[in-house]
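Quick notes on the structure that follows.
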Ligand SMILES: NC(=O)c1ccc[n+]([C@@H]2O[C@H](COP(=O)([O-])OP(=O)(O)OC[C@H]3O[C@@H](n4cnc5c(N)ncnc54)[C@H](O)[C@@H]3O)[C@@H](O)[C@H]2O)c1
């Protein structure tokens, strides 16, 4: 199965940077374009990548040359280098993008706008993948068709072909370390797109599982209620932060406690996933804890902002 020659990663947060790195270092995609609407995120992301590559070199996992080649394959694209509202998408198209992995913030409206801009600017055969943790791939595929304009219906042949190239590729955090990629077909995803997504994940060094397009997919439909229960335990004073995390670490053998894990994922991302689970199922068991909402209101987003349940 052919791998992309030019991969574009949208969003240079903790996931986008990790995906760009494994695509370059492991899958050896010749060109990996990294775009974020916030140029500071790209600068921060590239510096973090350097640190990870140097760590691999010092441990003898890769050579200096491999690290240098991996770095050279990654090209940053920022708002300042692209003009107009969709200038970034035009630039990704002009540079020959044949696969995208969208890893922007977990908000439906953000992702819908991105997918619309992608169909307006990229070649018709480019695979459009999302790293979303919970948002419906079927919905994103619908948004991609809307990008073609009001005259193209979602059920027309053109609409079906466009939606058929949208797929979920859900990597885990930290991407260079975690061995799994969950692949999610939407209702419209073609078999060829699914195979290209799987081949890409395998080339990035991952084992692949497949989940149906349900809110949270398999992974977060199981993980998020667990994290939410831990936050509710803290909220109700059942135990302290340290005792909740210690219980799971030492009693159940988890590598980190649920509150620490929520901090690592990002509390805004956890809240967004829980809201998708709750809205998508209307099942009260998925209601996000009030404390989680308040922490996000306070801007305490976990490790990435320097404060969450722990200080960083
Ligand atoms: N954090 C995790 O553990 C984890 C795991 C698997 C999947 N995900 C998913 O990956 C995606 C990214 O998560 P993250 O943890 O990297 O978030 P993050 O907050 O670290 O990064 C998100 C990035 O998206 C950028 N962004 C926002 N809107 C944009 C736009 N319109 N165009 C371009 N860039 C935009 C932001 O500037 C930011 O750099 C989300 O969909 C999330 O659910 C996260």
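Glycine is no exception: its Cβ is also placed from the backbone N, Cα and C atoms.
TrEMBL entries are annotated by machine, without manual review.
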Residue among 121, 173 sharing the NAD(+) site, where TrEMBL lists 11, 12, 13, 14, 15, 16, 36, 106, 111, 133, 304 as binders: 173
Contacting binding-site residues for ligand 1, chosen from 11, 36, 111, 173 when the Cβ sits under 6 angstroms of any of its atoms: 11, 36, 173
Where the record names 11, 12, 13, 14, 15, 16, 36, 106, 111, 133, 173, 304 as binding NAD(+), the maximum Cα to Cα distance in Å: 21
Cβ atoms near residue 36 (NAD(+) binding site) (within 10 Å, other residues, all chains): 25
C-alpha spacing of residue 170 (site 'Important for catalytic activity') relative to residue 111 (NAD(+) binding site), in angstrom: 15
